[in-house]
């Protein structure tokens, strides 16, 4: 190990002689001389940092290594359950822990009926089954002792993180009672009845951890509907699983192969019984007729359960898929309604094609038709945070807003509206009344004029602003002085005059800056559109 692991580098001895200065009236002479000596040292002559290692057992560990951080990790005094979508380590650790608790719960959920019905638990492998059972019990115990008593809670609107209070809150909750009941030591009856898996049924009471894991996992997934579809499919598979176990149990009680209805005992027992369960619950048909009352009752119950269970699951699957495609359904509905309206009013085909192109491009580029509809339900502060994260990097680089109050720009971000223009669309026309200011988010626009609007005076790219002069009513005029068309697909931010005036009332200094810049641009006869 001493050969493989790096050793600490020896410290470099100082070779510079101490500086001696003659005594003088000034007490700063020594300091000045020392400063000159330090200034003469070049970066290449700096001493290398000494690598320090701490000894753990028989290994040397760098304190900055991941292993050292892992060894130095301390369990938190409390766990925040409210910051769901967060990349703070403890939140992800708790979600990962819930995954292991859910895994242990699913082990009991799926294996208890299998071990009870099928002869898979034998003397040769009983130790493996018991080891897995007790491992799951250990996870249950750790969850009760280490994690749940540390969960923060809300009392009177305040988040309580005190360890004593969180422990008391957990012990008063229904979840604590169910968690304790799930660990009832019914395995003690093994000494009387033998190893019976049904004695582990109380372990299924820890179902609240399963629901919590689902909630938190859906909160951190970008496409939660995929997980919902998988989970609903798993419910269906579990119902078939239980039915297969019941079918084998009834067959074993009557005798394998005793009638043509029961399991014959050939092939893989679980696969054959699962196949029978699928045919029964889905009511495919082609099943053997039951021969006695017990078989008839079992088959009738299967038919009724299959009808209700499958109708519920199919309905739930439809709701999950419908929620996942709700935005796309809304987009198609709007597009179909618009196309129907244009057709009934005999709108020219070229206009209809441009409208369809706008719908398709807006949906593909934004994933929605109107961004404001998505944010209208959020509080004002959250809308501002999203607007800053999405648009501030673009607006802050606009030269027109340099020197303006930062809060004024924040207020303006909430009033910006994103609009998509198709190639060749007129953004604004000459001599029309200017009521909006435009900021190019992506794409390009061209300032055109001349005969037929064929002359291109300027091409404006992302981050450029136009329309601000007429919006600020410089010189009392608010007419456009040129035509602006979209060159390719262009996504523009639009700020209406009314909204800008409402903002500038509270920021007079920023208003002076904007008017001064607009006057300067107007006097220079800028190519930017007035």
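The backbone N, Cα and C atoms fix where each Cβ goes, and this holds for glycine too.
Feature annotation from TrEMBL assigns compositional bias 'Low complexity' to 1-27.
The domain 'Cyclic nucleotide-binding' feature in TrEMBL is assigned to 400-504.
As annotated by TrEMBL, region 'Disordered' applies to 1-50.
Residues or ranges marked as transmembrane segment in TrEMBL: 84-106 (among others).
Taken from TrEMBL, the feature transmembrane segment applies to 126-147 (among others). For the transmembrane segment (126-147), the list of distant contacts is 75, 79, 94, 97, 100-101, 104-105, 107-108, 111, 115, 176, 179-180, 182-183, 195, 200, 203, 206, 209: same-chain residues at least six beyond its ends, Cβ to Cβ under 8 Å.
Only residues 6 or more beyond the boundaries of the transmembrane segment (178-199), in the same chain, are considered here, and those with a CB under 8 A from a CB of the stretch are 111-112, 115-116, 121, 126, 130, 137, 140-141, 143-144, 148, 205-208. Taken from TrEMBL, the feature transmembrane segment covers 178-199 (among others).
Feature annotation from TrEMBL assigns transmembrane segment to 296-314 (among others).
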Average pLDDT across the domain 'Cyclic nucleotide-binding' (400-504), rounded to a whole number: 82
Secondary structure content of the domain 'Cyclic nucleotide-binding' (400-504), with strand meaning DSSP E or B: 28 helix, 46 strand, 31 coil
